[in-house]
Structures are given as structure tokens and as C-alpha cells.
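Read the structure below first, then the notes.
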Amino acid sequence: MVVVIAANPLSFLHSLRPRHLGPSFATSFGSPNAFMAASSLPSCPKRLRNPFSYPCQVHNQAAHSLPPHKKEIFKSMEDWVQKNVLIYLKPVEKCWQPQDLLPDSNSEEFYMKIKEIREKAKEIPDDYFVALVGDMITEEALPTYQTMLNTGDGVRDETGASPTSWAVWIRAWTSEENRHGDLLNKYLYLSGRVDMKKIEKTTQYLIGSGMDPMTENNPYLLFIYTSFQERATFISHGNTANLAMKYGDKELAKLCGTIAADEKRHEIAYTKIIEKLFEIDPDGTILAFADMMKKKIIMPAHMMFDGQDENLFQHYSTVAQRLGVYTAKDYNDILECKVSKWNVEKLTGLSSEGRRAQDYVCGLVPKFRKLEEKVAMRAKRAPTIPLSWIFYRQV
Ligand SMILES: [Fe+2]
Ligand SMILES: [Fe+2]
């Protein structure tokens, strides 16, 4: 998952919003005004005096909304996960490692290779580095994402080394993801273009802050979230690869493209889990989908902070939007892709609540499409700001 990156169309319009929100899964698809209410909340209502995290408070967090009888569904999926999900993991011996894509420090050519990296990096604009740093910090907050998955009722790794298929997936997925932040971190360190201490501090704050995707310990909500998020990271790393190529840095393009390929595999796995849940429990799954969309898929690094800039995530998102690394259009494309993949329009046999959820979800893409241009214009017109990650140069 993790999970890069950037933002949904509404985050550009409303900036960071507090997590007061929304109806829980249990009451899920209720108020038609929830969308508007969530959007109009003031940001950062209460300052925290906590030196370990982002200085805004997270409110009213719902928990354990999965009804006990639905926990059984996840138990009964054990074998299916073994045969249909674990196949999207790669055996460690077949995996790439950061060292495969970076200069070998034991080699005679080490210094020369670093010089080459730095010469190429000089040709790349600052806004690209801001997007890449944001992606890296998001990857580096991996402890939070493993924690999130282990909040899931019926799927969590109960012991830390549980043999269940769900637990095997969570640990192996985490271990694959661990290479992403590691690789980007080492590249950025060698590039000589960014302020590593400020970046490291941002990562420490972010892990200390955690995240609040409003998934309520509920694996329906969790896996809808990860299905989206993995595709978002696939798109974002893919775009940083394309841009690196445009700037003439093939090695950097390969590095970002290699990470993107992992994200794609992860996306397929999570999307399959939801596909299966639609088969087993169409009503529960469409309600969960609508609930997540009402809350909006917030990005995992939404509580990013460098010790100074309380709107750091918004600033990074604006740069990513402007540069085309991750845009409001991408968010809508992801939604459209999932609606089509899960055949949402053609679901049958739903309860009346389920049908309302179906209509709601199907109506979102055209609604969001209308906002895309507005978001792009707003990002284009946003004033440049100095960012600590690049020694306060303006982007
Ligand atoms: Fe991933
Ligand atoms: Fe990743």
C-alpha cells in the first residue's frame, strides 16, 4: 500500500480536514448530508501539545463496526486467500532489493557512480524532488500501515507470527513494501538535492502521528481502502518514473518503475479480496464501499508535519497535482476503475439500503469529474511556497 501518495480531489479543495466524521459502518449509509457536513468542517479544531505528532487532533474515531457474525466470513476465506491472494506475493529469493538499483559501496566504481547520480539529479527540477520526497516519506511510514492492517477484526496477525493466510499476507506484504522507502531514501540521500534531516524529521513525526482512514477495525473498509491506495501508489510511482525519463535520468526512471510494479501486484491482490466479498456478501460490501467513499479515501500521509508547516501535506499534494504525479483526475480514474472491476452497476439482489448505496457510488464519478478542472486550476494558481525538504527553495 502504501501506499503513497497524494490526495483526493476534495483534499485540494478543503485542505486537511479533521476526522470528526461520518457515520460509522454500522449506521453507514444514512445521511445524504454527510458529504457536505464533512466538507464544511473547520480544519484543525484543537491544537495538540504533543511533541511527537502532527499538531491537530483526531476526533470521534469509530471502532469495531464489523458485526461478530461477519467475522466468520473472513475465517471461512482462509483457504481462498491461500490460493488466490498469496500468489500475488513474490518469494524473497525472486524479489529485487534496493541494492540491485543503487551503486555498490564495495565497488571500485562507487564514487564515480555517485557522481553520475548527482550530475543527473542536477538536471531535475525542485518540484519533482518534492513529489519524490513526499512519496518516500509516505513509504517510510510503513509501521503505521502494518499497524492498520493488524487493527482488522478477523484478519489481524494475532501473535506476530500467526500462520493464518491473512497474517502471512500482512507480514509478507509489509516486507515487500519495506524495500520501497528504503530504496527511495537511499537514492535521495545520494542525489544531494534534498535536506535529509528535515525529511527524516518529517518521517518521525508522521509515524508518531499515525493515520486515520476511518476503517473502524473493519476488513471490508480496510480492503476497500487498500485497493484504492495501492492503485494510487502505482500511478504516482509510475508518473515519477515517466517524468524521470523525460528529464533524461533512466536509472531513476527504472527505480520508480520497479516500485510501481510492486504496487500493481498489491493492487490486484486487494482488489480480488473485495471482488470475492462482493460475491459472498454483495449488500455488506456495497454498503462498505459507499461508506468509504462518503468519508473519502484520505491519503496515508495526511498528517505529515516537518515541525513547522502544518499544511505540509496540502503543499506537497498541490505540487504533485501541478506536476501531474498524482491528480484529482487520477483519484476519479481509480474510483471508475474499481466501480467497473467490481461490477457495481450490475449488482443485483440488494436490499433497499444496498441499492441506495449502489446509486450513490455510481453517481460519484460524474460528480467528481466536474471538480477535476477546478482542482487543477486551483493548484495551478496556488502561490509558490518555500519547503523545508528542499532547503526552503520555492516551489
Ligand atoms: Fe504497495
Ligand atoms: Fe509502496
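The backbone N, Cα and C atoms fix where each Cβ goes, and this holds for glycine too.
The feature Fe cation 1 binding site is assigned by TrEMBL to Glu139, Glu177, His180, Glu263.
All protein chains considered, the CB of Glu177 (Fe cation 1 binding site) has 23 other CB atoms within 10 Å. Glu177 (Fe cation 1 binding site) falls within a helical segment according to DSSP. According to TrEMBL, the Fe cation 2 binding site annotation covers Glu177, Glu230, Glu263, His266.
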Local Cβ density at His180 (Fe cation 1 binding site) - other Cβ atoms counted within 10 Å: 27
Spatial neighbour of Glu230 (Fe cation 2 binding site) that is closest, considering only the binding-site residues Glu177, His180, Glu263 and their CA atoms: Glu263
